[in-house]
């Protein structure tokens, strides 16, 4: 098969933006499209090889999988092997369990399925997962299971019907992807059915170039087409960001750009010469290993840093990933791709042994809950254990999601006892559920758990994304206020939410290096364009609470829990690992910063006024200016009050719930 230097140069254009995107460089906000470039390249090259073999009557499915094993597995297994001791030494049990599950997923060619299912509210920050990037390998591996077999079986019916079927599959996959980015973004991002069209675009390019129609275009057409494709890629890298709906119709930009570069570039064109330069080709040759190395390096760097590492440190790690990639390409990839040095039996035998080994290690890490031979009384492990005890919210949310109404709500306490309260709110309210369940059982009462993801306990308002969760939230809130009107709710209603994020709409920056990850809040309130967002939201909160009081209910209004800006358990563990001891100041934030951040939120809640049926509980009174002067603490006696940067841990919730239950039981 003819070697095209510009394809290796195109790989460099794919891998470098991915690396810089994962390093957090804002100018490479669309660097994630490098994965899409890889998909198109893979679809092109794989199809080109298969077509050549089929046309010459030498295609072998066993030979195909042997080539894939030689290309993918040696470097992958080597990187995973190097990761093991660092993961065992540096990752906490919960993170080690997650890492172990990812080992199993990698060898089962299903990383994309794992990370799709893990994506959500309780998921560890993606940046901290050493093997997160293997999701794209899984997509390609799943594609390899079907596409070669399809071509082999369909070859006898001719290229025309094959192209028709491919066209229908491509269109269907693209339509599904566009639907997915609107309805289930995680599904659209991770799964083959919504990514397959990108690989098929590359396959179409291979069919075209292998046909009689695939003659070299005129010089001016080739120059223009190659330049346009290159500019589309550059545009995607520097203008797309995490808010871009992806991989729906937006992904046509980088995929079309890649296809144009492959179709039009050659050593005779300017783009072909750029991509065929020694530097670009050199980086392209090691691009696979560079892709494998960069994420573990960045993830372990973040695990070992007290604050987000500096840009210069990330740049050093990026260079390190390229250096390790060269060594891996030179001493691992190249020897195993040489059939004269490594036989087919050695490849398949080694692949089987590697799959079995990493699968076994992953299973052991999972069944031991990530302790994996480590002392469970170690201070760092105790921090993680305390932070992980967050209650049962995921199961209860699933019931609400399935039922679409409050009929599916969990019961807190003994369900044979009188229903005396309802907990109503979002995931911040859900953090109280476990402790309220314990208190209710001890007191011989019960209550409803009316909490759901990002679901503020107010009548009016909605999530601008209008995704599946926001639609469930709208249904649940409608059901709640319908029940309120019918008199179908318990006497006391505990109302709690992340009020501050709703009011300010921006993620929290504590001014000390702790910056909360994630998009700004997309909540909207009807009529806010006319009267102003904060004022309209404030009126909605006030009217919702007053509606509950007017219906004869006692309302326990819980004010905001202080936000931390950084993962409290992770900060505490890092402090233990660096100093060996903890103090109350660790993972704390300034009281002045808390007051400034919550000024408008407190004003809204205070303006509800004093009413006989209203009591207030302020978490800040337990955590701020108590253990450390002028600070809001994230730990007490070395145990985390939060399980991430803003959700209370079960331990932290205990401080607040004791006060709440006094009013519930009154």
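All residue numbers here begin at 1 and follow the chain in the order shown.
For all residues, glycine too, the Cβ spot is worked out from N, Cα and C.
All TrEMBL annotations are machine predictions without curation.
According to TrEMBL, the feature domain 'Acyltransferase 3' maps to 6-329. Among the features that TrEMBL reports, domain 'SGNH' is placed at 405-660. The transmembrane segment feature in TrEMBL is assigned to 7-25, 31-51, 72-91, 135-155, 162-181, 187-209, 221-240, 246-263, 275-293, 313-332, 344-367.
Counting Cβ pairs under 8 Å that are 6 or more residues apart, the transmembrane segment (31-51) and the transmembrane segment (246-263) reach 3 or more and are in contact. When each of 72-91, 135-155, 187-209, 275-293 is checked for Cβ pairs under 8 Å to the transmembrane segment (313-332), 275-293 comes out on top. Mean model confidence of the domain 'Acyltransferase 3' (6-329) amounts to 92 (pLDDT, 0 to 100 scale).
The largest share of C-beta pairs under 8 angstroms with the transmembrane segment (246-263) comes from 162-181, of the ranges 135-155, 162-181, 344-367. Annotation: stretch 7-25 has the most Cβ pairs under 8 Å to the transmembrane segment (275-293), among 7-25, 72-91, 344-367.
Ranked by Cβ pairs under 8 Å to the transmembrane segment (72-91), the stretches 135-155, 162-181, 187-209, 221-240, 344-367 are led by 344-367.
Under 8 Å from some Cβ of the transmembrane segment (162-181) lie the Cβ atoms of residues 150-151, 154-155, 187-189, 193-197, 200-201, 203-204, 207, 245-252, all in the same chain and six or more residues away from its ends.
Here the transmembrane segment (7-25) has Cβ contacts under 8 Å with residues 31-35, 37-38, 41, 44-45, 127, 133, 233, 237, 258, 261-262, 274-277, 279-285, 287-288, 290-291, 294-295, 298, 308, 311, 314-315, 317-318, 321 of the same chain, all six or more residues outside its ends. Residues 35, 38-39, 42-43, 46-47, 50-51, 54, 59, 61, 64-65, 68, 72, 76, 105-106, 109-113, 115-116, 161-162, 165, 190-192, 195-196, 199, 203 of the same chain sit 6 or more residues outside the transmembrane segment (135-155) yet have a Cβ under 8 Å from a Cβ within it.
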